[in-house]
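Residues or ranges marked as transmembrane segment by TrEMBL: B:25-48, B:60-80, B:100-121, B:133-152, B:180-198, B:210-236, B:242-260, B:292-311, B:331-359. The annotation region 'Disordered' is assigned in TrEMBL to B:397-429.
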Amino acid sequence: MRQEERRPAPRGGPLLSMRGIQKDFPGVRALDGVSLSVAHGRIHALMGENGAGKSTLMKVLSGVHPTGSYTGEVLVDGEPCTFSGVADSERAGIAIIHQELALIPQLSISENIFLGHERARYGVVDWGATHARARELLDRVGLDANPSTPVSALSVGARQLVEIAKALAKRVRLLILDEPTSALNEAESTRLLELLLDLRDQGVTCILISHKLGEVVRVCDEITILRDGRAIETLSVERDADGTPSIDEDRIIRGMVGRELDQRHPPRTGEIGGVRFEVRDWTVDHPDGSGRRAVDGADLTLRAGEVVGMAGLMGAGRTEFAMSLFGRSYGRYVRGTLLKDGAEAATGSVAEAIRSGIAYVPEDRKSLGLVLDDDIRHNTTMAALDRVSSRGVLNPGLEAVEASRMSERMRVRSQGTTQLVRTLSGGNQQKVVLGKWMFTRPELLILDEPTRGIDVGAKYEIYLIVRRLAAEGACVLLISSELPEILGMCDRIYTMCEGRITGEVPGEGADQETLMRLMTRTGGHP
Amino acid sequence: MKEPGTTSRLARIGGTLMGGNSRQYGMAIALVAIIVLFQMLTGGLLLTPLNVTNLIMQNSYILILAIGMMLVIVTGHIDLSVGSVVAFTGAVSAIMLTSWGLPTVVVVPVALLLGALIGAWQGFWVAYVRVPAFIVTLAGMLIFRGATLAVLGGESVAPLPQALRDIASGFLPGRGGEGLHLPTLLLGALGAAALVWIQWGTRSRSRGYGLPVAPAPVTAATSAVTVMAILAFTYVLADYNGLPVVGLLLVALIAGYSFVMRSTTMGRRVYAVGGSEQAAALSGIRTQRTTFWVFVNMGVLSGLAGIVFTARLNAATPGAGTMFELDAIAAAFIGGASASGGVGTVVGAVIGALVMGVLNNGMSLIGLGVDWQQLIKGLVLLLAVAFDIYNKRRVATRPAASAASRPDKGGEGAGGGSPHPAGKERANR
């Protein structure tokens, strides 16, 4: 414990090298021969679209995916490492700070910092030493708080600092931060980035996963770009005398989205009609009572037969917007109206929203979209029971027929509609969710990341269903983090950042660079 | 190689007959096995007309509670207070009957209303304040036991009017001297006819929708078994005093609740809330209200069980209903409910309660003490649930394996048969 401040002097080789890492999940190759080299005392950014493999790579590094579950090698200071769990990687001086913070809210700052390696003698905690040491660490991360404060009383930004202090207490040499600023406001973000620079000067090497181009260019020394499970390139950022970086944001965007668009999306068939739905000044607060805005004055219009895209990075407020519009299922409604054919439509509860013709296909289909231990039939009719019942009494025959008809229409591959949805593949589960909402005969279908975690075959079928629905005259709002999907499917695209609509571009002629620029545009309207 | 195929097909047919729940199907078989076992061990005493009648009367209040408990467990909650609520509603009823001199026809609805209010009280905390049901009903267990002691002043109230006692120990009228009880046989025949009518009606309606149905001989065999079982059962009852009043009440409750849970949107919503509260809420189901009413329902049934138990005992005692909650919970779980919610049937709960009841009764008949009875009941509960979990895990791994081996499924992963250039995606990487 006493040697905490002493660090091995930087040697010639890199602190970390990962070589040829390959990691497969059932049906998906998440990492395909990724190599990454991080030098001592640098801030190394890891960038890429959602699903590019950043988090998986960091899970390999931190031992969440143990040695043996992937191929390739991990070397720290030139020594090959075999991590069978997070404890092993921590012993090697690697600490990861996740997006979802891993603090225990009921415990104090000190208790959290020393959780698992308490300052104790014969099992009795030495509170004096604990608080004193915690105080030191808090000073180091610049957090002015009493170490005995429970973590639940701290803001998200302060909790992040406690996490870093906790990592420092473990003599961290390599600190990994996964989207550390996504839940922070401007001032908190700046403070955190300053801290990273300080720590770097004290010899703590850092890997920063971030979607925010501005902050990456500001603090990072190297940038590795991942795409489709491969390391595309590593860029070196030099800064001249007045701190202007040698790399600009456009250069990074090109690397991130470099893939060519090919024929992975079916062509549009129907005609676009007039405006059917109009959202005005939709404003929602986060449910945590902090008063932070989740959605800030969003205005948008949706036309009959039109597929409208909503692009944005993680935490931009797209899901929050969609769920709030859908019967105020998220956060605290502040203000805003939904007009349907010019008249105000009721959205006060989910039942009202469904009656107003809205359907929401959630991002997390397993917990929000389906009852996994029930069969396809019951899941299909769940949101529109009145279509298969009269005066509250179900008609099982009609239900069976309607469910199998919908199942066929959605091309669900199953042994029949009495198969439990838990036993279906991800793509087929998603088709059941789609079928469930199609069964409500929606006029506005909101799809939230409808193809996440789905293989390419099922993806194409889902695109076909969306196209057909639009051709039948419904409005579709497609929320996606995959820009090729947005560009391939949408007639018009809104971009969101930090709860605000930051741009609106026609789908025709739009490109990924433009969208990425709008999606990362912070600080107000264009 | 052929054997597993046959057994799994049998299990599937059985599963379909029982509403697709393997534990319930297994327990139905286990119930028959237990009955046969004790019938042999007791030298035929178990199924004598007198004992069958006793079985119904002894287990009536647990059966009533088990039905309500099944609903609570299906929504993913638990109710530990039912034993105390039974005692409290029984005590209040007894006071109203004796001290206040109110007639039974007034007291019974008041007791049910009291049960409903207690259920509403607990449902409010569980559904709207979101206090875990375990805590709310543990508190309820103490509160209503205390209230019972307060109402009774620590003493038993007895005897009670005949009109009340008839609810638990009366029989349908119509017995004229010796011979079989004709109204019971008539009711049995009517019930059997109704069930056969429902079976064939469902079949023909399914056919009308173009759905696959079991071959006519299979349905006929099912009907024959149903008819024989009901007729045998009513014959045994008719040989003694006929159908007990409480037996008729049970038949009505089982039929009514089965219908509500299987065939109404209300029942479907209860399953949906228990299966995934979030998914249910995002499907427009008012999940809090559903939970609230499930607890109100449990309260009403607890009140009913309170009346039946007090009537059977012909007394309201401070210690009435102790451990009833555990019997009801055990019955629900033995009968196929899932501790995580969303799964369970009324018929299952009834089978579970009967398994416990027959074990109790059979073991008493062969002279096993309460010590052994408790021990064996505990083991049955544990093994029933463990067997089911083991079974489910085995089933859960099977579909994946069989799907992979089927050629038409093989195309899905790589997108081989789909009309899009999946190969290109791969080449692009």
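Cβ atoms here come from the backbone N, Cα and C positions, even for glycine.
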Original post:
Honestly, do the transmembrane segment (B:292-311) and the transmembrane segment (B:180-198) touch, with at least three Cβ pairs under 8 Å and pairs 6 or more apart in sequence?
Top reply: no
Original post:
What stretch in B:25-48, B:133-152, B:242-260 has the biggest tally of Cβ pairs under 8 Å against the transmembrane segment (B:180-198)?
Top reply: B:242-260
Original post:
Is the number of Cβ-Cβ pairs under 8 Å between the transmembrane segment (B:133-152) and the transmembrane segment (B:331-359) three or more, considering only pairs separated by 6 or more positions?
Top reply: no
Original post:
Other than its close neighbours in sequence, what residues sit by the transmembrane segment (B:210-236), given a CB gap under 8 Å and a spacing of at least six beyond its ends?
Top reply: 16-17, 47, 49, 52, 180, 184-185, 187-189, 191-192, 195-196, 199-200, 203, 243
Subject >> Contacting positions for the transmembrane segment (B:100-121) when only residues 6+ beyond its ends and CB under 8 Å are counted >> reply: 81, 85, 88-90, 92-93, 140, 144, 161, 163-164, 167, 292, 295-304, 306-307
Original post:
Mind checking which residues reach the transmembrane segment (B:60-80)? Cβ under 8 Å, same chain, six or more beyond either end.
Top reply: 86, 122, 126, 133-134, 137-138, 140-141, 168, 244, 246-247, 249-250, 253-254, 257, 261, 270-271, 273-274, 277, 290-291, 294-295, 297-298, 300-302, 304-306, 308-309, 312, 324-325, 327-329, 331-333, 335, 337-346, 348-350, 352-354, 356-357
